[in-house]
Each structure stands twice: as structure tokens, then as C-alpha cells.
Amino acid sequence: MEPFVACGVCAFPVCRPCYEYERKDVEDAGVNDEANAVNGSSYKLGVQDRSHNKKEQTIHNWDMSYGKGEDVAPPDYDKAVSLNHIPLLTNGRSVSGELSAASPERLSMASPESGVRGKHIDPLPYVVDGSRSRSGSVAWKERIDGWKMKQEKNAVPMSVGNAPSEGRGGVDFDASTDVLMDDSLLNDEARQPLSRKVSIPSSRINPYRMVIVLRLIILSIFLHYRITNPVPNAYALWLVSVICEIWFAISWILDQFPKWLPVNRETYLDRLALRYDREGEPSQLAAVDIFVSTVDPLKEPPLVTANTVLSILAVDYPVDKVSCYVSDDGAAMLTFEALSETSEFARKWVPFCKKYSIEPRAPEWYFSQKIDYLKDKVHPSFVKARRAMKREYEEFKVRINGLVVKAQKIPDEGWFMQDGTPWPGNNTKDHPGMIQVFLGHSGGLDSEGNELPRLVYVSREKRPGFQHHKKAGAMNALVRVSAVLTNGPFLLNLDCDHYINNSKALREAMCFLMDPNLGKTVCYVQFPQRFDGIDKNDRYANRNTVFFDINLRGLDGIQGPVYVGTGCVFNRTALYGYEPPLKPKHKKAGMISTCFGRSRKRSSGSSGKNSNKKKSGKHVDPTVPIYNLEDIEEGVEGTGFDDEKSLLMSQMSLEKRFGQSATFVASTLMENGGVPQSATPESLLKEAIHVISCGYEDPTDWGREIGWIYGSVTEDILTGFKMHARGWRSIYCMPQPPAFKGSAPINLSDRLNQVLRWALGSVEILLSRHCPIWYGYGGRLKWLERFAYVNTTIYPITAIPLLAYCTLPAVCLLTGKFIIPQISNIASIWFISLFLSIFATGILEMRWSGVGIDEWWRNEQFWVIGGVSAHLFAVVQGLLKVLAGIDTNFTVTSKASDEDGDFAELYLFKWTTLLIPPTTLLIINLVGVVAGISYAINSGYQSWGPLFGKLFFAFWVIVHLYPFLKGLMGRQNRTPTIVVVWSVLLASIFSLLWVRIDPFTTQVTGPDVVLCGINC
């Protein structure tokens, strides 16, 4: 009989007949009706309530030690309690950071250095609500003993809503919910998991795996043949080709085997609603803080950012559980004013979306849909309301466009706000930190009087002489600000051009993060990136479908997908550098489990609180920092000093790790989210200004072990890698319709620059201490996951052998030599088998993934185009940065919309040196084809046989570079003169060099005059 988890608290497995019998036995025992009315269920949990909560006591002591004397109450899942008040400001004026205790109605907007005056505003309530406990439970022995006690006693069930935490997480959220349910609603649906892993059908995945193994065998035989059969008259060409082929084989192995265990996932939103968001009751869904990052409003248009913010404010999620933080790292007044306009328009847009179930909830994309917008709409007032809303949005666009035009001409004296005070961010490299609350709980009401989610503008402090760490530093500033103001247990980060396309996206993520069993070990839920505004043929593989639909689904079956920078919902605890809870192991892992599913066991003893051995705070491997809340608590108790001294030591340790902010450090210990009840809005905002100051991170672990990790322009890969190295797993969620959509650069030059930035980040990681080749072996990173990370960091290096390999066909055609000797019939069979296995792998991969052949082929083409251009430059720049200290500037990818229609940007040419190498390769290969055919025509029939192999080789290069050739031609089919001049010059030099070394024609030696005479 297949067992299932009968209890959400102890996870005790039992078969369904036994469960039904036990439930019937409990009901027949006649539990007191009054107890049912109080506790909501006759189902008893065998968990004894404990009177002492160590974590709450630790937080209480923490605050007392700072002289505040304020308790941190545990979150109440049944109701939202107003904890403090934050005023609402929408007049576009900043308020001074100079706070007065006698004036509780003033809001800190800028650092004290800004000296900007404020305006008197009425205070509005600011609610911070709790969320579920996500990790930890009693020890396994206690679980079984407690379950047995339930059999023997027919006592009134006890509510475990405030039961003390065990380990790091307290009680499971769904357990406390079940206890409070009515017996009539306590059905099987409410107890079942919130998601399910769906394996690929064996009829599709098994042939794929067999072909992979077969291809590996054939590749080994092929390489053995190539190494043991050199070409004497072209030894140099043969050696280069063999080295390239060996590297390609290693690269293929690193890329292919992490796709061995692809999975799909299903979510059950109805079960999530039944458990946490039942109609007519206060929602118990966890709070989510959403981050939107922007830098340059001229490259990232404010209208694009506004659409992203509007889609967030209109998301299908309890409004008191959503907080949107917009990071303006360019301190642009244009962004600030556009956000103010957006907050006003949101009062009309949000109720319209929720009343008529609008999808998507970004107005620009909703109104531009070429579909029947009346489909499934039954409300009689919808047509009239839609017309009115479209007019409102068009007026909103005009106002935003007016702001953009105004911002084009910067006054000599800088910008001024409405009250005449200078804009604090006039000097983008030297300005104070700024925080503006546009919408807040009960303060931001829509046109129908309903609450709106919080909307907060944040611009961190910038000063000369400080390292600000670009986007990663801005994200860490948002983590700290949000922890001080709202402290939601989960974080969603979005680029300014990625709007919420599916209003239930947050609920999809909660099906994993709030699952009582799975959610304990999940560090983040990654969604695929989908894009609007891409040409039908996707000339430059902007959709990146192969990566998002094949590679990441493969990783989801191992330890989870890599973090790709946007569209990701984080567990805040994982970002703070804590380790996940450990699962008990019952059997020794074998070789297969080592590769595909092993998680290491900590060397310390039992993780239960009743264990005689406490976890050691010292860790053998310094490369895998493991922070555990239980370690912190036990460290306080086990030091042997009195309470005051031990608490002081604990405070110093936490401040060294998280920074000199008592409020923020206290928030890191509150795994359920929320802020202290007695905190005032003035103190919170002043603390928020403090945590975004320049020097806050200097003596701390921020950027090294905590938050977004510094050291690479692709901070996303590095951040996800550190989490996986600690033992966390991630989830890949692919809902329909897609959760998020964004824009991508469809122009050739912009696309290559984007790829250059990604590749440069990978090279920086490869040359750093965090390189996955040698980092984190003392952690719990699975081997195939490590393979994927190694491939993610070394793929730019492939540019060097790829460039050499693409040059070889032209060299062979111009010199008459070849890299392969004359082969036998048996050897030709292995060559044909290799090509067939390559095609078979691609076909079967497309079959199980659903990726189209056109998308797969575009990906292959751009792999060559990007490899010989952007990846090559990334390797050079990375080496210069590491070895010579020559840094390269980070370029923000343009997010301009296609206003001219017909994908005008696709045909726009922008000069960049990245275009020279692929253009040169095209010319020399075309010249080689002409030279080879001419030579064959002049030499007779016997020279055509060897020529076919060389021509096939050259055409392979030309076909892969064909989209690049079309991009050079543009709409007018005319290549820019500068590209032609440079490429012809390089191709001519290369050709003349080979003519000088080894001419095309064979030199014929004349007769010996001495032997034959002059008339011979």
C-alpha cells in the first residue's frame, strides 16, 4: 500500500486506509463540541505545546539590549494588525531626514545631508502582516512518539498556532491552518501537496538518453581515430583541428549531461486558496516584497517602467501582502516624477483590472493586443469602462512623454522640485539616499475606496571614493530597505522592462515556497523569460528558447535552475546566507545518487533540540559559510558567560555580518516577516535611510556571503551558485500564460553587446575565487549541478577554438591541404555515425521539450555568431581586467519600444568592433570557396573528390553566419562601408600571407639544362 503524509506537522507516513480508520476512530470517540468550536477541528496533533520560544525570546532580548524595550510579537495569521503608521506622499516633494520626535507626521525622504524641506502630511496606517513559518519541525523520534500519543488519548486538540519553533522554522504553516479549520472543510484536498513534479514520459526521455550514451561512445572512437591518424603534409592544421575538437567534446559533455533528468511541474492554485486564502476569511498568504531596478531613464523609458509597476500593483494577490520597491540607481528626477504619475494612474487602473479580470495587467500591452477583447466578458459596463480607461491611459502616456521631453534639456543650475528646493540627485555620483512612499497601506486608496499595495521609491546614497557595485549593490540596498519597512519573507525581483503577464504569478510561486515539505529547502523559484516585440523569425535567437525550455528544465531535475537575473521569487532567509534544514538520511548514497540527487550530511550530530550534541558554529570549509539561526541561539546559551555578556557577543557577531543597524539585524531573526509592533514610522524611515548609506556595507559580509554577490557583472549566476553550494535547491516554474514578459534588443549590435556583457561576467567568475571548478567542494552542490555551473562560466573560452575552427575551411581551400587524411570505409562509417548521432540528439531533444526546429536552428546559428564575436571580446576584456586591472564600463541594454513599427530597430545599423571578426570569417570563406572551385576546374576531374569535404566544411561556416550577413545588409541590403573596408583589409592580409607561405598553384620545376642541354 502506498504511504502518504498524514500529518503536516510531523510528516508521519501512513497508508490511506489506516488514515481513514484513524480519523473515523477519532470522530467516534466523541470529542467535546465546545472544543471543536474553539479549535475548529476534531483532528488531534500529537505535538506537545511548549511554553518557551527561544527565537522570540532572543528577539525580545535583542531589542531590550538596545534600550528600546519593545517586544516583537509573533505574526498573527488570522488577522492583519496595524503596527505603525507611514504617511503617504504623492505631491512629488521630498521631506527632510531631520526628524522631530514632537512631529510624528513627517516622513524621511532623503539623507540629512540633502537639507530638503518637507511638507506637513497626515499620518496613515502602515500594516505589516505575518506569514507562515517555512522550515523546521520536531525531531523524528518526537514525531513518532507524538503520533502514538494521539492514538492513546482522546483529549481536546491543542492549537499550535503559537507553538515554539523547532530548529529554524517553528511549526509548519499548513499544520496550524489545518487545526483552525472546521471539520466539514478538513478534507483530503486541503492536505495534499500544492505542487507536483511530472517526469518526462519514458517513451520520449529513454531514447534521448540512449542516443546521448551512444553519441559519447562514437565521439570517443572518433577522437581516438583523429589523434592516432595525423596528416603529415598539414601537421599544423591537423593539430589545431584536433585540439579544437577535444575542447568541443568537453564543452558538449558539460552542456549535455545536466539535461539528463528533465522534469515538468504542476501547481494547484485551488489547494493553495483552500489552505491559505479561503473566501470570507483573512488571507494567510505570505507577504512578498517586489523589487524593480532601473538606472538610466533615457535607455530604460519611464513608460516601460511604469507599465511594470502598474502590473505589480494590479497583481492578483492580497493588497496588504504586496510591497513594490523601485530602485532608481541613477537618481533621476524623471524617474521620480514618472513614478508619482504612475501612482496616481494606478488608482484608476487597478480597480479596472480586478473588476473585469484583465490580462495582462500592463496597460501598454493590454491595449495593443490584436485579439477579441470582448471574449469571455459578460459585464454590461465593460465596453464603456474599457473605452474610458483607454482614454485615461493615453492621457497618462502624454504626461509621461511630456516629462521625457522636459528631461532632455538639463538646466545649468540643475533640477528643482515644486517647492523650489534643488533635486538631491542633481549630481548622480554624489547625492544622499532618498526614500519616498507613494502608496501605503490604507493610505493608497483607489477610485473605489479600496486599498492599494505599497509603492516606495528608493535611491541609495552615492559618494565619490566608494565602490557601489552596480546592480548587485542596488539590489542589496533594496533588501535592507524592505527588511526595515515591511520585511516580507519572500522577494520578487524584476527588471524594469519585465511586467507581470500572468496576474497569478505570485500564487504560482507560493505553491512551492509555502508548501510545508518542499518549501523548507527552496531558495528561489525561477520563471522563464518570455519576450514581446521580437521579429517573427527571431533572427538573433532573442527568445533563447533552447536555454529556457531545455537547459533549465534539465537542471530542475537535479538541484534546480540557475538564477537568470529577473522573474525570480526568493526566500529571504536564503539571501541572508543561512543554510537549509537538513533531511535525515536512511541509506548510504550510491554513485548514481551522488551525481543526480545526493545531499551531504553535516558532520555535526543530531539537529534536534533534545540532542546531547549541539551544532558546532565552526565549519571546516570556509568557502561554504553556513549560518543557522539555531546556532545563534545555542551560541548565546552555551558560552558560559552571563546573559548580558553572551548577548553582547551575539550582537557583535550579527552586526559584523549584517551591519550596524539594530532594526535590520532584528528583522533577520524574524523568519515569519513583519516589523516590531512598537516601531514608529519616523524610526523606521530613518533606519531605512541609514541602511542605504555608502559606508554601511564596508565591514560586513554583504556582497561576499549575504545578498547579491559582488565580483561579476552577471551577479545573478554568482548569487544562485552560492545558494546551491550551501545546499539549497531552486524550482523552475513554467505557468501558462507565461508569468512575466519583457523586451529584448532585436538590433544586431545591441544583441551582441548584451551577449558580450553576459560572457564577460562568466569570464570574471571563471577567474575569481568563486569559480565552480574549485569552489565549494565542502558544501552540498550536486555534481551535475556543478557541471552546469562550470559550463556557464567556461563557455566564452570556446570562442578561441571556434574562431580557429571556422578559419580552417578557408585555409584548406586556399592551400589545397586538409585536416583529415584519406580515410578508409570503416573510418567513414564512424564519421557518418557521429553526424547522425548529433542530428538524433537534437531531434529527440526537440521532441521531449516541445522546442521547434526553427528555434533550435536559430540557437545553433547564434552560438557561432556570438562565439566568434562577443565571446571572443569577453575573453580578452576579462583577461585585461584580471591581469592588468583595466576595467570595462557596464552598458545598460536599451529597452526602447518599436514605435516606428515593422521592427524598424531590427534593420538599424550601429557600428561596433564586434562586427569585424564574423565579417572577416565570411569573406575569407567565400574567397576560399571561389579559389577552391577555380582550382578544381583547372586541375581536372580527379581534384573534385577531395574538394567536396573542404566545401562542406566552408559552407557549414557560411550557413551558420547567414543571419549575421542579413543583419549587415540591413533593410536596404547594403553593408556599411566601414565594415566592408576593415573586413576586406583583414581578409586580404590573411590571403596574401598564405600566398607568400604556400601559393595556390603547384610550382613546376623546369628541365636540368646541364643534363639535357639547351634544346632538351
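Glycine is no exception: its Cβ is also placed from the backbone N, Cα and C atoms.
Here's what TrEMBL has on this protein:
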type: DOMAIN; residues: 2-27; note: domain 'Cellulose synthase RING-type zinc finger'
type: TRANSMEM; residues: 208-227; note: transmembrane segment
type: TRANSMEM; residues: 234-254; note: transmembrane segment
type: BINDING; residues: Ser293, Lys299, Glu300, Asp329, Lys470; note: UDP-alpha-D-glucose binding site
type: ACT_SITE; residues: Asp329; note: active site
type: BINDING; residues: Lys471, Asp495; note: Mn(2+) binding site
type: REGION; residues: 597-622; note: region 'Disordered'
type: ACT_SITE; residues: Asp716; note: active site
type: TRANSMEM; residues: 794-814; note: transmembrane segment
type: TRANSMEM; residues: 826-844; note: transmembrane segment
type: TRANSMEM; residues: 864-886; note: transmembrane segment
type: TRANSMEM; residues: 907-935; note: transmembrane segment
type: TRANSMEM; residues: 947-965; note: transmembrane segment
type: TRANSMEM; residues: 977-997; note: transmembrane segment
Quick one: largest C-alpha distance among Ser293, Lys299, Glu300, Asp329, Lys470, binding UDP-alpha-D-glucose per the record, in angstrom?
16
Measuring C-alpha to C-alpha, could you say which of the binding-site residues Ser293, Lys299, Asp329 are within 10 Å of Lys471 (Mn(2+) binding site)?
Ser293, Asp329
State the Cα to Cα distance, in Å, between Ser293 (UDP-alpha-D-glucose binding site) and Asp495 (Mn(2+) binding site), rounded to an integer.
6
So among the binding-site residues Lys299, Lys470, Lys471, who's got the most Cβ atoms within 10 Å?
Lys471
Within-chain partners of the transmembrane segment (208-227) [C-beta distance under 8 Å, separation at least 6 from its ends]:
241-242, 245-246, 249, 252-253, 256-257, 260, 820, 827, 830-831, 833-834, 837-838, 840-841, 844-845, 847-848
Number of Cβ atoms other than its own within 10 Å, given for Asp329 (UDP-alpha-D-glucose binding site):
23
Would you kindly check 826-844, 907-935, 947-965 and say which stretch has the most C-beta pairs under 8 angstroms to the transmembrane segment (864-886)?
907-935
Do any residues of this chain, six or more beyond the ends of the transmembrane segment (826-844), have a C-beta under 8 angstroms from a C-beta of it, and if so which?
204, 207-208, 211-212, 214-215, 218-219, 221-222, 225, 229, 256, 856
What count of other C-beta atoms do you get within 10 angstroms of the C-beta of Glu300 (UDP-alpha-D-glucose binding site), across all chains shown?
25
So how many other Cβ atoms are close to Asp495 (Mn(2+) binding site), meaning within 10 Å of its Cβ?
24
Would you mind listing, in sequence order, the residues at least six apart from Asp716 (active site) in the same chain with a Cβ closer than 8 Å to its Cβ?
Val562, Tyr563, Val564, Gly565, Trp708
Local Cβ density at Ser293 (UDP-alpha-D-glucose binding site) - other Cβ atoms counted within 10 Å:
22
Compute the C-alpha separation of Asp329 (UDP-alpha-D-glucose binding site) from Asp495 (Mn(2+) binding site), stating it in Å without decimals.
13
Taking the Cα atoms as reference points, how far is Glu300 (UDP-alpha-D-glucose binding site) from Asp495 (Mn(2+) binding site) in Å?
10
